[in-house]
Ligand SMILES: Nc1ncnc2c1ncn2[C@@H]1O[C@H](COP(=O)(O)OP(=O)(O)O)[C@@H](O)[C@H]1O
Ligand SMILES: O=P(O)(O)OC[C@H]1O[C@](O)(COP(=O)(O)O)[C@@H](O)[C@@H]1O
Ligand SMILES: [Mg+2]
C-alpha cells in the first residue's frame, strides 16, 4: 500500500499478536509500548499497548505506524476514523544496485561517527505556519537520478556495461531531526568571488532557520574563511536581513585565501557553532571538504553544509548555480550595446568580455539568447586569429557582408595567446588561482593592428565593453531568488536531519543532497561536441578554427 500522507512505498506493519484480529501471529505492535499523546510526525501520536485489541484503537485521532515492508491497510481498517500516518523507516541498502540498478551516493550523517545521537520529532510538526500535509516529509528512500537522458540501445554503454544509475538523496524535510532548535548555534559564511543571489541565500538561511525551526542563535562569519578566526561573528535575525535579497554582493563580505584549517575548526569549536553553512564556489567546496573531514576526525557534533555559488557555472553535477541566469540576462545589455555601437559605425566591431575563468557558460548562453553575436570564443575551444580559417578572415567576410560584427569572449579564452612576462606567468590570487590577463583588451589591439596592416585606408572601429563585475554585482532576478530560497531551505532541512558534508543543489529540476567531496571535484565545462555548441555555430556562423 502507498501511504497517502508520506507517499512511501509499501510498508510492513509489524503488530503485536494480541493487537487485533488482523495482526495475530505478528511479532510486535508499536515501537514504543503503552505511551499516549507523544508528538511525532502525526500530530497526535498514539502508541499501542501490548495486548490491546482493535476496540482500544477506535477513539484515536491519528496513529503513526513505523514499518518496513508489507501492507498497512489492515491496521487502518481497525480504526474508527481510519487515519493513519505511515512512516517508512525501511532501511535502504548502502548500494542498492538491483533490481533497477541504481547506485545511491551515500550521504554522510552525524551518526556515522556519533552513533549515540538520538533523533527527535521534527519541530515543523508544532509549527503553526506549516501543518505538514500529506507527502510533506521526504523519506530516505527517495532519490533524484543524476542522469535522466539514457541511451537504451543494446550497444550503448549504460546497457552493455549494466552500469548502475547514480542517484542522490532527495532534499527536503525529514520527519526526524538530530538537533534541538534551542541548542543550535548556526554560522553562515560566504567565500570567493561575487555572484548574484548570495545575499538571498544568506537571508533565506536566517529566515528559514528562524521561522521553520525556531532557531534563535544565527551568526554571520564575515570576510570569508579567514573571518572564522580573525573577526567576531555578527548576530543575524530576520529583521536584520529582511531586505537583503534585493541587494547585490554579500552583506557578510567575502575574500579569497586565508584558509587555515586548524584555525577555522578551532574557531568553530570556540564559538560553539554546531551548524555551519558555507556558500562558495569550487575552491570553497574543497575547503568545506577539509573542514568536514577535520570535524569528523575530532568527532564533533557539528554539521557542515555547502551551497554552491559561482557565476561561472563551472561546478558539476548540479543543473546550474544560482545567479547564473541573472548573469546571462545582464550580459544581454552589454551585447545589445556592442551591437548598436558596431552597427552604427563603418566597419564596426563590438567586443564584449564576459566572466568565465575556465568555462564559457555565460558567453555561450548569452550568445544563444542574444542572436546578435557573430562569434563566441570560450576557453573550451581552440582558435586562432591569422590565416585561413582564422578569426580575422571570418571578420573580414562579416564586415564585407554586414558592415559590422559582434564578438563575445569569455575571460578565460585565449589566455595562452597573450604574451606574458615571467612574473605574469606566476601571478596568482590569494586563493592560488592564476591571474588572467585581459583577453578583451589584448584582442582589441590585435584587431586594430590587423586592420591597419591590411586595410589602412578604410574606416574601422572596435568598441570594447567589459561588463564583468557589473554583471555579477547585481541582485538576483526573480528566478534566481526563488532558486536561492529553495536551495537554502534544502540545506537547512538536510542539516536538521543530521546530514553533514553535503551540498544542496538542483539536479534535473529537483533539489537533492550531494556529498561535498563529489561536488568539490566535479567540473562543469561546456561540451563543444554536443548539439548546444553546434547551435552556437549555426547561430553565429563562426568558423570551426581548423587549420587547413
Ligand atoms: N583546495 C583548497 N583547499 C582548501 N581551501 C581552498 C582550496 N581552494 C580554495 N580554497 C579556499 O576557498 C576560498 C574560496 O576559493 P576561491 O577559489 O577564491 O573561490 P571559489 O570558492 O569561488 O572558487 C578561499 O578562502 C580559498 O583559500
Ligand atoms: O573577484 P576576482 O578576484 O577579481 O576574480 C574574478 C573571478 O571571479 C569569478 O567571477 C568567479 O570565480 P569564483 O566562482 O571562483 O569565485 C570569475 O569569473 C573571475 O575569473
Ligand atoms: Mg572558483
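Just so it is clear, glycine is given a Cβ too, placed from its N, Cα and C backbone atoms.
Keep in mind that TrEMBL annotations are predicted by a computer and have not been checked by a curator.
The substrate site recorded in TrEMBL comprises 310, 311, 312, 355, 356, 357, 469, 470, 471, 472 together with one of 253, 411, 525, namely 411.
Site annotation for ATP in TrEMBL covers 256, 257, 281, 282, 283, 284, and the matching candidate from 193, 197, 348 is 193. Proximity to ligand 1 at the level of Cβ atoms, with a cut-off under 6 angstroms, picks out 281, 282 from the binding-site residues 281, 282, 356.
In the structure shown, across all protein chains, 472 is the one of the binding-site residues 256, 472 with the greatest number of other Cβ atoms within 10 Å. In this structure, of the binding-site residues 193, 257, 281, 283, 356, the smallest number of CB atoms within 10 A of the CB marks 257.
If you check the binding-site residues 257, 356, 470 against residue 312 (active site, proton acceptor), the ones with a Cα inside 10 Å of its Cα are 356.
By the rule that a residue counts when its Cβ sits under 6 Å from some atom of ligand 2, the recorded positions 193, 257, 281, 310, 312 yield 193, 281, 310, 312.
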